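Worksheet: the structure to be examined is printed underneath.
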Amino acid sequence: MGSNLSPQLCLMPFILGLLSGGVTTTPWPLAQPQESCSLEGVEIKGGSFRLLQEGQALEYVCPSGFYPYPVQTRTCRSTGSWSTLKTQVQKTVRKAECRAIHCPRPHDFENGEYWPRSPYYNVSDEISFHCYDGYTLRGSANRTCQVNGRWSGQTAICDNGAGYCSNPGIPIGTRKVGSQYRLEDSVTYHCSRGLTLRGSQRRTCQEGGSWSGTEPSCQDSFMYDTPQEVAEAFLSSLTETIEGVDAEDGHGPGEQQKRKIVLDPSGSMNIYLVLDGSDSIGASNFTGAKKCLVNLIEKVASYGVKPRYGLVTYATHPKIWVKVSDPDSSNADWVTKQLNEINYEDHKLKSGTNTKKALQAVYSMMSWPDDIPPEGWNRTRHVIILMTDGLHNMGGDPITVIDEIRDLLYIGKDRKNPREDYLDVYVFGVGPLVNQVNINALASKKDNEQHVFKVKDMENLEDVFYQMIDESQSLSLCGMVWEHRKGTDYHKQPWQAKISVIRPSKGHESCMGAVVSEYFVLTAAHCFTVDDKEHSIKVSVGGEKRDLEIEVVLFHPNYNINGKKAAGIPEFYDYDVALIKLKNKLKYGQTIRPICLPCTEGTTRALRLPPTTTCQQQKEELLPAQDIKALFVSEEEKKLTRKEVYIKNGDKKGSCERDAQYAPGYDKVKDISEVVTPRFLCTGGVSPYADPNTCRGDSGGPLIVHKRSRFIQVGVISWGVVDVCKNQKRQKQVPAHARDFHINLFQVLPWLKEKLQDEDLGFL
């Protein structure tokens, strides 16, 4: 009955820009009706194959550490036969086989030696580099052959500093022509036959001592970027030091500063999302990419920034779904709604691949009416994410649009102030059919940065963007979770605390709580008695086995479970809240993070409300007078699961509260308001849906509203009408009057504000 409410998060906020370069890309032939191909004889020795594009292509799959030889993919030709198995030197092979992956040897290494020397290197082999006297080593002195056929670390370079520019090096597997590094000197790189060059083939020594373009590498068809490689390279590119920052930014030409992408809420950035919806992409990849973009928008918004969005899908023709000039283009919820409504079938009737027209659609959004630039145009960063396989088959070379864009934005015209940091593109190719030449041509090329990535499948793309999220600056943000499919229970509920109170000769009490700050856990007061000692209270967070030391338990002063015994009410749970103060400060991480509390600045940001938002306005947003979807976290079979419930805060509120009379000991209460005070929220019952109920061990845990990808606690689980978890098993069939009651945090805010005043929560 538990519900995983948060969508899979694929993407993090990152800067994406338009394309740069001038390389002619390779078109993909238009699809023609063709015969189906027989699968007889297509097997691969030591591996398997899977069909792609409804049987019109196949991919060979080998175990880890092996690659398909001589090709990774084959296509079904119009003659009804599969494409021939040919090696890199065009020799025909009769049968495909899985061969062990090797890493290439250095073709050349200048001004030094490497050891050991070998024609090739096996996975896990190491190689060491040493420089001659008078030369200094840059990069990695020791490198290891990895399972994907690439070397670990960075290119080793021996340099004596004699050139105007430093030696650009020879990446392993490439060949370099040119050994002079004076101003405006150039070097060129080449790959062996059958390998594809990624990065810049030609690099020129520029003013300031930097090289144009980006470091090249030689790629085999079976090579993919691992999620970790992509994440590290991407994050590195965002913070790379650059020169020639726009003087209007307060930095003179040649002055260095960190390349930081600033998502300014005032709207100094336009993010264009361009998604290939052609036949070669396929419906499943299109849907997966769309989900990733939805989560990108959500993630950017969760950090409190509001760039303007443009949204384009394309096949034979582009479709502009959102323009940056639309009034709501900076409204993340509205843009997400438009994206969710896009279907792969929207391009079904004309399903070619016209990347050039898609970029022209972006250009049209960037250009100005009557060619008159608006004020501040030169301070706006234009950004894009392009998800494609690079197989354009109509419309011409998309690179030709780039010159127009660069001219429009005055990019690269002033050598002292090239404004290159206002124009970037990161191209993500997904799957085995990606055209590496084309996606490389479409990506920006900047020194010490990587902008083009090839990942194995959509699942790997998810991994990429999870790993891109730099948690270090956001761990203290409340109500955020790591919703990765590989995440543990505490990645998905990082605020959840387990509480145990040991009472000699009386057994123990189990409860839940929520981390609300680095020193405090919020829970229910009834979990403790006045006789409990701090050393008998055990608290654990983040799934850790160690218990945290307790300094003190703070009860709400109005809590008194025996307060109405004289009136025949055996237990009275009004103000059933307590704060556990820890002796030592919690160290936030992916599995330990605070939940949001009402009427705090953090919740205002989480809900994307104006800074002037009042506590009452937060209450109206979180607890409107209606049925409110919420959740609590329960432990079942040692696993934390989310249970979706509805807070009855509208016309069902009265009937929900009246069912309290069915609770043991309350059957003789004449006025139910004697036990259900205004401090309670009510869940449970069968309308509008059959709500799951809490169990005894859930007491003290948070009642949560999940909104805009953030989790805000609105209540503390207190008591229930029916024990639905007898014999440690949750009953599936429960009576309609099975209700649960929770302390409404809006009703105990003065106490929370007083006790948490030193926790920097910014109470309103």
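Just so you know, glycine gets a Cβ as well, placed from its N, Cα and C.
What Swiss-Prot says about this protein:
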type     : residues         : note
BINDING  : S278, S280, T353 : Mg(2+) binding site
DISULFID : C37-C76          : disulfide bond
DISULFID : C62-C98          : disulfide bond
DISULFID : C103-C145        : disulfide bond
DISULFID : C131-C158        : disulfide bond
DISULFID : C165-C205        : disulfide bond
DISULFID : C191-C218        : disulfide bond
DISULFID : C478-C596        : disulfide bond
DISULFID : C511-C527        : disulfide bond
DISULFID : C599-C615        : disulfide bond
DISULFID : C656-C682        : disulfide bond
DISULFID : C695-C725        : disulfide bond
DOMAIN   : 35-100           : domain 'Sushi 1'
DOMAIN   : 270-469          : domain 'VWFA'
DOMAIN   : 477-757          : domain 'Peptidase S1'
SIGNAL   : 1-25             : signal peptide
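Closest by Cα distance to C478 (disulfide bond), from the disulfide-bonded residues C158, C656, C695, C725, is C695.
For C218 (disulfide bond), the nearest neighbour among the listed recorded positions (C145, C205, S280, C527), judged by C-alpha distance, is C145. Checked against C62 (disulfide bond), the binding-site residues S278, S280, T353 differ in C-alpha distance, with S280 being the nearest. Around C62 (disulfide bond), taking its Cβ as the centre, 22 other Cβ atoms fall within 10 Å, counting all chains. For the pair formed by C131 (disulfide bond) and C682 (disulfide bond), distance between Cα atoms is given as 73 Å, rounded to the nearest Å.
Using CA atoms as reference points, the recorded positions C76, T353, C511 were checked against C98 (disulfide bond), and the closest is C76. Comparing Cα positions, T353 (Mg(2+) binding site) lies closest to C37 out of the disulfide-bonded residues C37, C103, C596, C656. Highest Cβ count within 10 Å among the disulfide-bonded residues C98, C205, C615: C205. In the three-state DSSP classification, C478 (disulfide bond) falls within coil. Between the CA atoms of C695 (disulfide bond) and C145 (disulfide bond) there is a gap of 53 Å. Helix, strand and coil counts from DSSP across the domain 'Sushi 1' (35-100) read 3 helix, 28 strand, 35 coil. One residue stands out among the disulfide-bonded residues C103, C596 for having the most other Cβ atoms within 10 Å of its Cβ: C596. Residue pair C725 (disulfide bond) / C76 (disulfide bond) shows a Cα separation of 59 Å. Long-range Cβ proximity for C145 (disulfide bond), meaning a same-chain Cβ under 8 A and a gap of 6 or more residues, is found for H102, C103, Y121, N122, V123, S124, D125, E126, I127, W151, S152. Over the domain 'VWFA' (270-469) the predicted model carries a mean pLDDT of 83.
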